[in-house]
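Swiss-Prot has this to say about the protein:
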REGION    1-250  region 'Aspartokinase'
REGION    251-471  region 'Interface'
REGION    472-816  region 'Homoserine dehydrogenase'
BINDING   V477, K508, T556, K580, G665, E668, G799  NADP(+) binding site
BINDING   V477, A505, T556, G799  NAD(+) binding site
BINDING   V477, T556, S557, K580, G799  NADPH binding site
BINDING   E607, V610, A612, L614  Na(+) binding site
BINDING   E668, D679  L-homoserine binding site
ACT_SITE  K683  active site, proton donor
Amino acid sequence: MKILKFGGTSLSNSELFFHVATIIENNLNNEQIAIVLSAPGNTTNLLEIAINQTINNKNIIPIVQKIEKNFLKLINDIYQVEQKLLYEKIKNNIENKLLELKNLLQGINLLRQCPDKIRAKIISSGEYLSISIMNSILISRGYNTTIIDPVKKLLTKEDTYLNATVNIKISKFRILSMKIPKHHIILMPGFTAGNKQGELVTLGRNGSDYSATILSVCLNSTMCEIWTDVNGVYTCDPKLVSDAKLLTSLSYREAIELSYLGAKILHPNTIYPIQKFKIPCTIKNTHNPSSIGTKISCNHVKNKNLITGVTYLENVHMFSISCLYSKNIETIIPKIFSCMSLSKIWIILTIQTSSQNTISFCILKTMTNTALHVLHKALYLELKHKLLKPIKVEKKLTLISVISSDILNNTKITEKVFSILKHVNINTLAISKGASKNSISIVVKHDDGILGVRALHKGIFNKNCTAEIFLIGIGRVGQTFLKQIIEQKNWLKSKNIDLKICGIANSKNFILNLDGINPKNWKRDLNLSKKSFNFKHLLNSIQNYYLINPIIVDCTSDKNIANQYISFINCGFHIVTPNKKANTTNWKYYEDIRLAAQKEKKKFFYETNVGAGLPVIENLKNLLRTGDTLIHFKGILSGSLSFIFGKLEDNISLSEATKQAQSLGFTEPNPKDDLSGIDVARKLLILAREVGYKLELKDIKIEPLLPKEFNNISNTTDFITKLKELDQIFCNRVKKARKLGKRLRFVGIINQKGNCQVKIDEVDHNDPLYNIKNGENALAFYSKYYQPIPLVLRGYGAGNNVTASGIFSDVLRILL
């Protein structure tokens, strides 16, 4: 025997009714099937609206007409396909139900209230019509059926009409006494049962699910399947957390805990019957029948992560009741729980407090007024004689819970939870982990709820080394960086590294997608974007997201962006950049960036500031960390000038060599910036500061390559034309050096006293810079450890590929 229950989203239209009928047929494999159905679509909600509008003397005709229209359309659409359908019989059932509904609503209108007995009759109407329609479909397909009337067969324990529980023993006897033939498909409306007087009552929240598990026990079934609109139970609400993972297996205890603490799955009352009788239950997706679903049983596969899921309850209020004397609290607590229980107010959990004379507990917002009333009544004398402080209620809270199989015995989980919340600056108002060994619950402000849930889920379940990259500047280097990430996709995946491009900005446009920008469409999306990069806008966009390793990658040469680095760091971002402006501005800002990074425990990597892809900065730092000291430095620090001066050796003119360097991408858009020597001076300043010299850019002496009259030329074409005037001068200098067995090189020098100079130098064949050309950089460090032969770093110091690879390397250094 197998029980199949289908919810309202599985029965919203004729296509879904046929689809459900097919699922039923596919399950008729050597075992009997029993079906429990909810009302179609949003029928129950419409019925609730009709009741409330009637009480408030509002026009209900449109609501009733909508309900009637929905059902008539449903059976008409079914009849168009299933000609054998008992159409007139179903139509009469619908008309009779609607007539009964109208009469009941008329009575409510006269009373100006709705007794629970009447409410139960009205809100359960849809389930009976679902059964009538499905029964007719199955009969038209040649199947024999038996319908169980839950009002006659399921006996409830209490006299309540709206939230009843079922007496399983008597109900089971009644149903088994029906002696239903084995070849019959059994159908039963969900959500309802009968009291001792034989009156219809409802089973509360998730009532149809409860009906299914009760029927499973009553029919001695081997499996209960709950068919809904999701693939099963997830590690978190997939509507809130896009990468929530499907849980294929749960224990009964875990399922109860998840449900109790906010997961939108089965209600705890639904699980208790199958837990007691050890009946497995699988949650399946009507729209995706092939999905494995989530199986709840006593033989579940244990979660390797130890943690089952993260749940949340919104609209929670926290009550705090304090005694003046700690000895009185022991007499107060039973009174509190007794009056709350009698009033059927659900205490979600009690809270640990540091004070021994205070008890705190959480309830749902909807019960707050009732709770205050019953508490003031129960504790009247204590409050009157001021043995208690006034009852304190803290509102607008969210309860976040982490469910684990054995959380109390695993302190690492608790430590991780608080570490993650601290990382995103969420203040914990209260903690509870004593009520159950399977969960820890944290009370936070409502505004922190979504961020807290996302942060905990990502921090707990993300097993990859993840970085969220916000790329500013999408010129040649920026585009090459993106290309390299795409090309290394398989390697990154093999190392469990997830680099998500979450933002891309140029001088005009900005796109943002915290789930990751599609690398194939970024150009189109950026061009279509009407937003420009604004750091405040970025912060507003990410405030409800937990970013594991957010990295600003600044591929601009923009001073304004560089001036925001401290703000980036203080807001939780690492920084990777080839932009030299931040490291070559005034010494105070240079120092403040490093202090901010140290304080916030963030990385500020700028390896590409000096040698593009060459590992210059980190190697220099390693030397100094191990006690080495710099005696002398000499290097070719410009790929463009390396190329140009190399071409001069090949008897190519200065102007022609500069044009070639520009066409190959070695120079800035205007080559004047390269030939001014300022770029080399900036790199030299960065190296000098790394060594410990507190210098400013003005302290670097630059031997200008160009006469002063070149400074006013902004047009690139005009500049190249004007440059021809210097061709002969440089040709003569090359010849002069050649006669001496030397070559011209444009170098940066740091001497032992920290004096820095940028100049054209004549180097002989013993100099490590002698053979450097074609865009190569070479840096010779003479130190206490490396002399008389220096440590030389040599390689291409310009070009899109090597610069982008240096940026890529810095990003990976943050993760690895």
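Note: Cβ is positioned from N, Cα and C throughout, glycine not excepted.
Given the structure is predicted, the values throughout are model-derived calculations rather than measurements.
Cβ neighbour density within 10 Å is lowest for V477 among the binding-site residues V477, V610. Counting every protein chain shown, the Cβ of E607 (Na(+) binding site) has 23 other Cβ atoms within 10 Å. The Na(+) site, placed at the center of the C-beta atoms of E607, V610, A612, L614, has further neighbours from the same chain whose C-beta lies within 8 angstroms: T608, N609, G611, G613, P615, V616, I617, N777, G797, G806. Look at the binding-site residues A505, A612, L614 and count other Cβ atoms within 10 Å of each Cβ; L614 has the fewest. Across all of the region 'Interface' (251-471), the predicted model scores a mean pLDDT of 89.
Counting only same-chain residues six or more apart in sequence, the Cβ atoms lying under 8 angstroms from the Cβ of E668 (NADP(+) binding site) belong to S640, D674, D679.
When the recorded positions K508, K580, K683 are compared by the number of other CB atoms within 10 angstroms of each CB, K508 has the fewest. Look at the Cβ of each of the binding-site residues G665, G799 and count the other Cβ atoms within 10 Å; the largest number goes with G799. Of all the binding-site residues listed here (T556, S557), it is S557 whose C-beta has the fewest other C-beta atoms within 10 angstroms. A straight line from the CA of K508 (NADP(+) binding site) to the CA of V610 (Na(+) binding site) spans 28 Å.
On the backbone, the CA of L614 (Na(+) binding site) and the CA of G665 (NADP(+) binding site) stand 18 Å apart. Recorded residues A505 (NAD(+) binding site) and K683 (active site, proton donor) have their alpha carbons 26 Å apart, per Cα-Cα distance. Within the set of recorded positions T556, K683, G799, the entry lying nearest in space to V610 (Na(+) binding site) is K683 (CA atoms). Across the structure, K580 (NADP(+) binding site) and S557 (NADPH binding site) are spaced 7 Å apart at their Cα atoms.
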